[in-house]
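According to TrEMBL, the features are:
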DOMAIN    182-346  domain 'Hflx-type G'
BINDING   188-195, 214-218, 236-239, 305-308, 324-326  GTP binding site
BINDING   THR195, THR216  Mg(2+) binding site
Amino acid sequence: TKAELQIAEAVALVNTLQNWTVLDKIILSTKTPDKKFIFGKGNFQILTEKIKELPHITAVFLNIERLSPLTKKELEDAWGVTVFDRYTVVLHIFRCNARTKEAKLQIALAEIPLLRANLKNEMSQLDQQRGGSRYIMGSGETFMEMQYRLLKEKEFKIRNALEKLRGKRSVLRTQRRRREFPVISVMGYTNCGKTTLIKALTGDEGLQPRDQLFATLDITAHGGYLPSHLAVIYVDTIGFLSELPHDLVESFSATLEDVAYSDLIVHVRDISHPETVLQKASVLSVLKKLNLPSHLLDSVVEVHNKVDLIESYQSPEPNAIAVSALLGYGLEELKEEIERTVLKTTGKKILTIKIKLAGPQLSWLYKEATVQEVDVMPEDGMANVKVIISNSALGKYKKLFPQ
């Protein structure tokens, strides 16, 4: 909401990139936009003078979602440096952080609108010089038509490759479903501490959280246990950003489609951030756009993270759980809340079943359910077995072993 906080986020975006440094920053009004420039004459002059005074400057980042190719070209000609908007900076961060084949394909897809806009701009300039509409070597196709066709083919190939990967993911999902591991998606605004929290919940030493925006770009899964020894999978997702350029949201919603198949969403908030309320609204609005099932949206567990940065923190929201993922504070309470909600949403029950030790029941339960404890009564040749079992498995058990 405040210009100072917007510029702080813009600086954080630039600092995320290796070897990129912010030399200076300025807040200017863009309320009276000239058609070519997005500033009034006075502000444009202030900015031009400021840029001329900085001899080491190599680029200017305007914290605006998208600049038109014409505006970008005019500004670059006037200032003699590259001009970035929010879309190109975020896209560049994504490009640097992508690890898996899928994330790289998503980025290639998000670049297509940019390439198309640049092509349109180049061609309008060529046409002014009367060079853009010539046909290529008797092909009956102008240079521009050929370029558009190649872009269309490239987009088609990328979408196809993504479709194949999506198919693979759905196979993996089916296998996970068959084994009935509850899946918990951990979501939140970028740099809210999701990875640190998952590391604290699972003890996964391979996770190295980084204090920067978009450190996690690929969805990663990590196994953990709840207090009742129920095995679950925590899924670390890409961070959210307010006003994330629309084309990027579209490209990355495929990365987030797994969330629809999870059993629970844990929404992590950096409660020490001055704009934490706005960040929450931003995350919830993207979640609504993902067309998630209503039961998933209704059972979100909200976590207030980084409470160690606030003196004697009192949560204004009664259902939220206050934690410090870094110091381990509040984690047991969070695990209990996750377990309670998971058992409810997955329809699993915690039961004690009496079985004959000589029969096949015990090994069947070990295979099809989560056995928590076995209380053996040797004199009767019986045992009380405490299990977490789904409704479908319980139905099978009753059919196989009628009492």
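Please read every residue number as a count from 1 along the shown chain.
Every residue, even glycine, has its Cβ placed from backbone N, Cα and C.
TrEMBL annotations: computationally assigned, not manually curated.
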Using C-alpha atoms only, work out the spacing between LYS306 (GTP binding site) and THR195 (Mg(2+) binding site) and round it to an integer in Å.
-> 13
By a simple count of other Cβ atoms within 10 Å, which of LYS194, LYS306, the binding-site residues in the record, is least packed?
-> LYS306
C-alpha spacing of THR195 (Mg(2+) binding site) relative to GLY188 (GTP binding site), in angstrom | 10
Within 10 Å of the Cβ of ASN191 (GTP binding site), how many other Cβ atoms are there?
-> 23
